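Taken verbatim from TrEMBL:
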type: TRANSMEM; residues: 30-53; note: transmembrane segment
type: TRANSMEM; residues: 83-102; note: transmembrane segment
type: DOMAIN; residues: 117-326; note: domain 'TLC'
type: TRANSMEM; residues: 123-147; note: transmembrane segment
type: TRANSMEM; residues: 167-185; note: transmembrane segment
type: TRANSMEM; residues: 197-214; note: transmembrane segment
type: TRANSMEM; residues: 220-240; note: transmembrane segment
type: TRANSMEM; residues: 252-274; note: transmembrane segment
type: TRANSMEM; residues: 294-316; note: transmembrane segment
type: REGION; residues: 333-374; note: region 'Disordered'
type: COMPBIAS; residues: 334-347; note: compositional bias 'Basic residues'
Amino acid sequence: MAIRKKSNKNPPLLSHEFVLQNHADIVSCLAMLFLLGLMFEITSKAAIVFVALQYNVTRPATEEQATESASLYYYGFKDLATVFFYMLVAIIIHAIIQEYVLDKINRRMHFSKTKHSKFNESGQLSVFYLFSCVWGTFILISENYISDPTILWRAYPHNLMTFQMKFFYISQLAYWLHALPELYFQKTKKEDIPRQLVYIGLYLFHIAGAYLLNLNHLGLVLLVLHYFVEFLFHISRLFYFSDEKYQKGFSLWAVLFVLGRLLTLILSVLTVGFGLARAENQKLDLSTGNFNVLAVRIAVLASICITQAFMMWKFINFQLRRWREHSAFQAPPLKRKPAMTKGRSSRKGTENGVNGAVTSNGADSPRNRKEKSS
């Protein structure tokens with residue numbers, strides 16, 4: 001009997017892993033086609049659009065930078081092809097992390113189905129948030145964003161980007177686009193799909209908005225700040241799955257989450273509401289990428305404020321639910337005291353009552369009414 005039970009449990013897991021591996025193989029073969037296209041002269045011009053960053057210009061050396069010229073980039077329609085290729089790369093990396101790290105831990109820990117999906121989600125996102133946070137911080141330090149905060153709005157529009165800046169945004173768009181087919185690859189439950197689509201859509205909307213409106217400096221700072229807080233939450237959830245007594249990480253995350261929302265609003269208002277509002281050039285110019293007009297500034301601030309309010313509302317509901325669950329778990333069971341009555345009515349109450357409580361049939365019986373009237 002033990003052998004039959006074991007054989008019945010294993011096939012669903014193996015079939016699920018086979019489906020994931022099959023899709024990963026197809027995607028990896030497709031990505032290899034683009035790389036092989038670089039080797040032949042006929043296909044190299046088409047393949048390089050997918051693999052390499054496009055729209056580069058060379059800025060000549062100045063007196064401050066007399067050693068070498070700088071290569072900068074701007075955006076265009078060909079970036080869609082580059083995003084598509086790196087979306088395939090993100091799917092492959094996702095499958096590697098799932099197969100060689102998360103699945104092995106799941107087999108050892110024997111999680112339930114609910115914990116299994118949440119563990120996979122937190123495992124994937126914690127790796128991505130950590131990598132993006134470190135990469136974004138490196139860009140902030142290398143381009144002196146931390147030492148000079150006025151660079152967030154000074155010399156707008158920031159239509160020319162360094163290689164690291166553009167590759168960072170291409171990678172971010174590719175990762176969140178890859179999350180859409182992963183909903184099918186990971187066999188996500190139908191009730192979880194709306195929640196996943198909401199936060200994937202919010203990420204794509206804000207990252208693409210910062211990229212297209214040439215607000216890449218502000219977007220980078222806000223992404224690093226947000227990713228750090230989210231990394232702390234998902235790494236705390238991973239520790240919680242290993243030991244349910246671990247709660248300190250969630251307490252620290254709750255404090256940093258509120259501070260992160262406040263800093264996001266302060267930086268957004270400071271950059272868009274004050275810095276760009278006082279700039280000299282406030283005319284819409286698509287050729288130079290200047291979107292510094294009143295309507296765009298209001299739309300940017302409104303989208304940021306609404307998103308932060310939505311996140312705070314979800315956060316408050318999450319904390320209230322946790323507090324109710326914790327208080328219900330800690331509350332001692334209440335003991336009911338038997339009702340004290342006199343004479344025959346007490347006996348009648350115990351006969352007609354449940355656990356010492358008088359029922360309506362016994363309390364309103366004709367015999368009791370007669371005794372009361374006498």
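Heads up, the Cβ atoms here are built off N, Cα and C, so glycines get one too.
Unlike curated records, TrEMBL annotations are generated automatically.
Quantities reported herein were computed from a predicted structural model and do not represent experimental measurements.
Contact counts against the transmembrane segment (197-214), taken as Cβ pairs under 8 Å, peak for 167-185 among the stretches 83-102, 167-185, 220-240, 252-274, 294-316.
Between the transmembrane segment (123-147) and the transmembrane segment (220-240), the number of CB pairs under 8 angstroms, six or more residues apart, is three or more, so the stretches are in contact. Non-local neighbours of the transmembrane segment (83-102) in the same chain are 17, 20-21, 23-24, 27-28, 30-31, 34, 50-51, 119-120, 123-124, 127, 170-171, 173-175, 177-178, 181-182, 185; each lies 6+ residues outside the stretch with a CB under 8 Å from one of its CB atoms.
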